[in-house]
Amino acid sequence: GVLEKSLQENVKTCKLLMVGAGGIGCELLKNLVLTGFTEIELIDLDTIDVSNLNRQFLFRKEHVGKSKAQVAKESAQKFNPNANIVANHSNIFNPEFGLDYFSQFQLVLNALDNNAARNHVNRMCLAADVPLIESGTAGYLGQVTVIKKGLTECFECQPKPAQKTFPGCTIRNTPSEPIHCVVWAKHLFNQLFGENDPDEDVSPDTEDPELTADAGQTALTTDAKKDSVGGIERKSTRVWALETDYDAEKIFNKLFRDDIKYLLCMETLWKKRRPPQPLDFNNLPGKGENINTSVMRDQRLWSVQECSDVFSQCLSALKQDLAARGDDAMLVWDKDDHHAMDFVTCVADIRAHIFGIPLKSRFDIKSMAGNIIPAIATTNAIISGLIVIEALKILAGNISKCKQIYLNKFPNDRKRLLVPCVLESPNPKCYVCSAKPECTVVLNTTKVTVRTFQDKILKGHLNMIAPDVEIDDGKGTIIISSEEGETEENNDKFLSDFAIINNTRLKCDDFRQNYCLNITVAHVEKLDAEKEFEVVGDMSEFHPKEDGDQKSDKDHTNGTEPSSSKGKVKDDDADDLIILEDGDTAVTETASPVPTGSRKRPAKTTDDQDGTQKKKKKLLDAGDTNDIIEIS
């Protein structure tokens, strides 16, 4: 009796797709079945972890380790046994979820926790011309928006804020914040057990720009080693650790005693800083102290001795895990893996102690390492309710009445926590949803390889899945093919090897996303701040700094998409969150972006702000706020 009869029928027959069964997803699925939706398909690749149980209420202790999608289906059907729910424990990027798959739905609802999946679903819904309702939460903050091809902005219409990065020399030589130690600890995990990335080296950086010209004198006066690159013999951390059989004492003393003593020799670094204090495995603070068992293990601070004990246990467990996977195997750090998380916690706190940085609890380090803003169940409940309200507007034929709705931490001047805004029109320069998607990539064609162009630019920055690239030269020269092995011999060649120069046009096609993009290459000899490339709408948006404006090397961070991941904190493990540019929380700078870009929340937009700010959202008049719940 709440909904009009025609809307009731639309709800009953609507076939919708829900992507994600986590914090928002659990609440959303429950709301959908209780509203009367009966044809629901659900996709989620994740399994249930014990940490999910405090807010994902479709799951219970006995479900830990099982598929989120399957258990969510079974639990939701208890609310409405008539609901026909299809659960897919699968990856949304799989080829089976292509254009034909998305085209069968009337609505798609996102309840995702990572930006890559949001980008992909956005493109699939644009290709299939299916309305998408996007959402996200970050602690007490949240938002819901509707995306419809040709009517509203898409998820990628506005640039996303850059991820927080740190100079490599800060991470390796002069950490000053807990996050620096956490990043270093994750790098060490990869050096010992994961993918070996030279840019994640944990050894002291002798090329620190703060050092004098004499810093590398020892290396210069040492006899060159024969049969070695550049006369310098290098041994990876992994190889050395294997040779020691992952001996905890040897690794500890190397990392936290010998390397620290080496850093102390770089006297220039410590003229205005507190010098680090080396530690010895057999003589650590906290030895013999009793552990406070009245506080949960995750919540209390561990002593240095306890960190050392955990370090030894983790090395042993992770070594066995690595060995069990066979030769050339590697481990991938996961915040929900007990030993991996313990390893990063103890290593980060040991390093923090050495540099006089406040120690953090396992809970706090997990939040930093996994980019998690702790989720709040009531925020998820509010946002999931708003998703359903917007869905009902669409099914009632009132998509023009849909709003972008923000949930604030504190009431605004009108005493409202929920702030509705009009939906923005599509960005005519969007390289995803415009009529003729195109962009300019600024780079040095003599230094960027085809592999880098494919992995870092097309897949990494432009979010393609299976790109094909053809030079628009009238010859149809293909430099990248989505067919495995077809153009593999091109990978290590430079773009200039294919006569790609300034103003060369490239036709890029991703058949998996039904997406075509024309790229104009803009050749420059050098970009600012170690950037390897920059993506802009056109060259009028490219504003390189003059040499005199450059920051010193010690201060800069990597550019739009760095050539390495020096200290980069990734967002793949974020938990149902978005970034809202207001400084409400210190962690938001490493969170996922807001669904419609990087605009500030309207509650923060006032008439007396700088006129150069981004265009303001149109706030509804006080009388219009009831439109949030208007469905007819």
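Placed from the backbone N, Cα and C atoms, the Cβ positions cover glycine too.
Residues or ranges marked as domain 'THIF-type NAD/FAD binding fold' by TrEMBL: 4-430.
If you look up TrEMBL, you'll see 20-25, Asp44, 52-55, Lys68, 113-118 marked as ATP binding site.
Here TrEMBL flags Cys154, Cys157, Cys430, Cys433 as Zn(2+) binding site. Taking a C-beta cut-off of under 8 angstroms and a sequence separation of 6 or more, Cys430 (Zn(2+) binding site) has the following same-chain neighbours: Glu153, Cys154, Glu156, Cys157, Pro437.
According to TrEMBL, the feature active site, glycyl thioester intermediate maps to Cys169. Cβ neighbours within 10 Å of Cys169 (active site, glycyl thioester intermediate), excluding its own Cβ and spanning all shown chains: 21.
DSSP labels the residues of the domain 'Ubiquitin/SUMO-activating enzyme ubiquitin-like' (441-527) in these numbers: 19 helix, 29 strand, 39 coil. Taken from TrEMBL, the feature domain 'Ubiquitin/SUMO-activating enzyme ubiquitin-like' applies to 441-527.
Taken from TrEMBL, the feature region 'Disordered' covers 541-632.
Annotation comment: TrEMBL describes 541-558 (among others) as compositional bias 'Basic and acidic residues'.
For 572-584, the entry in TrEMBL reads compositional bias 'Acidic residues'.
The compositional bias 'Basic and acidic residues' annotation in TrEMBL covers 604-613 (among others).
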Candidates Gly20, Gly23: member of the binding-site residues with the richest Cβ shell (10 Å): Gly20
For the domain 'THIF-type NAD/FAD binding fold' (4-430), the mean pLDDT of the predicted model: 87
Spatially closest candidate among Asn54, Asp113, Cys169, the listed recorded positions, to Cys433 (Zn(2+) binding site) (Cα to Cα): Asp113
Nearest-integer angstrom distance between the alpha carbons (Cα) of Asn54 (ATP binding site) and Cys169 (active site, glycyl thioester intermediate): 39
Cα-Cα distance linking Ala116 (ATP binding site) and Cys169 (active site, glycyl thioester intermediate), given in Å to the nearest integer: 29
Fewest other Cβ within 10 angstroms of its own Cβ, chosen from the binding-site residues Ala116, Cys154, Cys157, Cys433: Ala116
Nonlocal neighbours by CB distance (under 8 Å) for Asp44 (ATP binding site), same chain, sequence gap 6 or more: Val19, Gly20, Ala21, Gly22, Gly25, Ser67, Lys68, Ala69, Ala72, Asn88, His89
Other same-chain residues whose Cβ falls within 8 Å of the Cβ centroid of Cys154, Cys157, Cys430, Cys433, the recorded Zn(2+) site, in sequence order: Leu126, Glu153, Phe155, Glu156, Pro426, Asn427, Val432, Ser434
